[in-house]
Amino acid sequence: MTAIAPGTLPKSSPRGSAARARLLRGLLPALSLALVLIAIAWLNPRAISYFGFNLMLNLAIPIALATIAQMFVIAGNELDLSIGTFVGFVGCVTATWLRDAPLLGILVLIGSIGVYALLGALIHLRNLPSIVVTLGMSFVWQGLAILVLPKPGGKAPDWLLAIMSFKPPYIPFPILAALIIAAVVHFGLMRTSYGVILRGSGGNAAALRRAGWSLLKTKIVLFALTGLFGVLSGMALIGITTSADANIGNGYTLLSIAGVILGGGEFVGGRVSPIGAVLGALTLALAASPLLTFMHIPPDWQVAANGAILIIVLAARVLISRRER
Amino acid sequence: MASLRMVLEKPWIWSFVGALVVWLATVAFTGGYGAGGMVTAALSLAVFTVIVGVGQMFVITLGPGNVDLSLPANIGLASAVAMKVMGGSDSMIVVGLLAALACGAAIGAINYLLIWALRIPPIIATLSASFIIQSVDISYGRGLQIKPPPGFADFTNWQVLGIPVLAMLTVVFTIGAALALQRMIYGRSVLAIGQNIRAAWLAGVHVGRIRFLTYTLCGALGGIDGALLAGYFRGANVDIGNEYLLASIAVVVIGGTSVAGGKANVPGVWGAGLFLVLLLTMLNTFGVSAGVRLVLTGLIIVGVITAAGGEKAVR
């Protein structure tokens, strides 16, 4: 299980220690997840079971999907500060229209992906800072969510509930889902030729343009993929919580960014790793609540735990990178 | 006429034009009723955005990727610290303000420490810091129901001839900030770093020290803002700073400061601050629902950025 993305590999170095450092760096997301799991197993061995994982990783699927969504924009050197409220908006649509008027619901969700694609085009054409545009959009999604569902409530469509409460044999569903998400996105982004172009738009946009690729198109595709995974995240979330609330996704913006970075992604240069991002999301999902509960740390410090993990992992990465040189 | 053209070429003029248009639209809607009161209210609310906006402006001017995402958490914690230190007694007002200032400055210093020691992008450094600050605040400020000292609450609401005193003081502060930016070595260094960090370093600018100072300054302004907000709204609150993440970045960009760094604009922060507050007042006056208000606020911000962002094609 290696989380090294081909794109994150610098030119091969003759020195073995540098190669080892690179491997270590690639394994860092998996190591941090393992560390959290070991801590949980040590504090409460009974949690490491089919039932325990189902419970602990309950919310990991939507977090992983939102993290993948964020990863696509980060691959293009942009940042989406609206993904949290977008997930909330999708949740509200899922719990209302998608159940009562499926056709309308589907159209609205596809339309919202279209809005993401348009944002990508707008950001590219006008050379706008994505932080500000998406920060503005976060208000739009939140407002729309309140308009769709003024009061917490609604109900998830039955088929969605059925999917999310699926109990496969032996492997807990959240882990199975995480594996599938990671495998699909890894294949699409790291193993296909257009995936290379997409990452290249973040790595060296000028070179891509000279090679004749449309940067407008790559940006539109990256943003549309973000929208698509945001929609999946919102639907998965409602499939678990069964009802919605306009603020349900607000925490996902920061979680998703943290997950991408934990997973070895970098803000610039198109260096991202889908497998790492999923691992990062799982680490955050586990560290945020189950670990703290077992350590008898009050929920007040949940957010701090996320911050501390980020800082520790980044510090570890700096130590490793130093050896890489 | 030449002078008029000169004024029109200033990037900050458009934020004031926007504020004026929004104000006129609202006054037209109410038939002139409450026109003056609206300005007073806008001034007193814009103050809080302007103070953090100036801090954020210095940070953003340092160059691409520099932004302080820890401001909301910082404001929240500082508001709790100020209220706790003041403890409701007038004699402790100055000590409380200093405590909030120190708290904010410490957060800013820690932010830069993370950026420098871990060599991570400021966005992630300030983001991770804000996670931790937020938890400290939740834990520290739990059930905190201390009212601000009466003297302090009166001071933050004090008006002379319909003009909030806090707004006058903030105008003085922003003039100072503008002078620091354009006339002092510190401000010139910030601009130089934002234009080309390597060139600035080669030219002998103390890049590390200036960046450290800037993050600390931004943090300190967040701290003061938290204390003042707690005084104005009569009590500290974990969520008191939440809206200032978007607001602080938005006023900087709408005010004509370049997001790519190296080009800052202090008057624009005031114009944009007033614009945002008046926009909210207008939407409230029109009686739109909370959802519509949020949607329109977002769309207008995106629209303004789109209209203003065109010339920044050269990086």
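Keep in mind that glycine also has a Cβ here, set from the backbone N, Cα and C atoms.
On a predicted model such as this, the values are computed, not experimentally measured, just so you know.
Packing against the transmembrane segment (B:12-35) from elsewhere in the chain are residues 42, 254-256, 265, 267-268, 270-272, 274-275, 278-279, 281-282, 285-286, 304, 308: each is 6 or more residues past its ends and has a CB under 8 Å from a CB in it. Residues or ranges marked as transmembrane segment in TrEMBL: B:12-35 (among others).
Summarising the annotation, TrEMBL assigns transmembrane segment to B:41-62 (among others).
Positions annotated as transmembrane segment by TrEMBL: B:93-115 (among others).
Among the features that TrEMBL reports, transmembrane segment is placed at B:122-140 (among others).
Per TrEMBL, transmembrane segment is recorded for B:160-181 (among others).
Taken from TrEMBL, the feature transmembrane segment covers B:212-232 (among others).
Only residues 6 or more beyond the boundaries of the transmembrane segment (B:244-262), in the same chain, are considered here, and those with a CB under 8 A from a CB of the stretch are 10-12, 14-15, 18, 48-50, 52-53, 55-57, 60-64, 66-69, 71-72, 75, 191-196, 225, 268-273, 275-276, 301, 304-305, 308, 312, 315. Annotation source TrEMBL lists transmembrane segment at B:244-262 (among others).
Marked as transmembrane segment by TrEMBL: B:269-286 (among others).
Sequence annotations record features per position, and here TrEMBL assigns transmembrane segment to B:292-310 (among others).
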Report task. Could you tell me what the rest of the chain brings near the transmembrane segment (B:269-286), counting residues at least six beyond its ends with Cβ under 8 Å? Result -> 12-16, 18-19, 22-23, 25-26, 29-30, 38, 41-43, 45-47, 49-50, 53-54, 57, 171, 174, 247, 250-255, 257, 292-293, 296-297, 300
Query raised in the report: Under an 8 Å Cβ to Cβ limit, what residues of the same chain, 6 or more beyond the ends of the transmembrane segment (B:160-181), are close to it?
Result: 36-37, 39-40, 43-44, 46-47, 50-51, 54, 58, 187, 190-191, 228, 232, 264, 266-267, 269-270
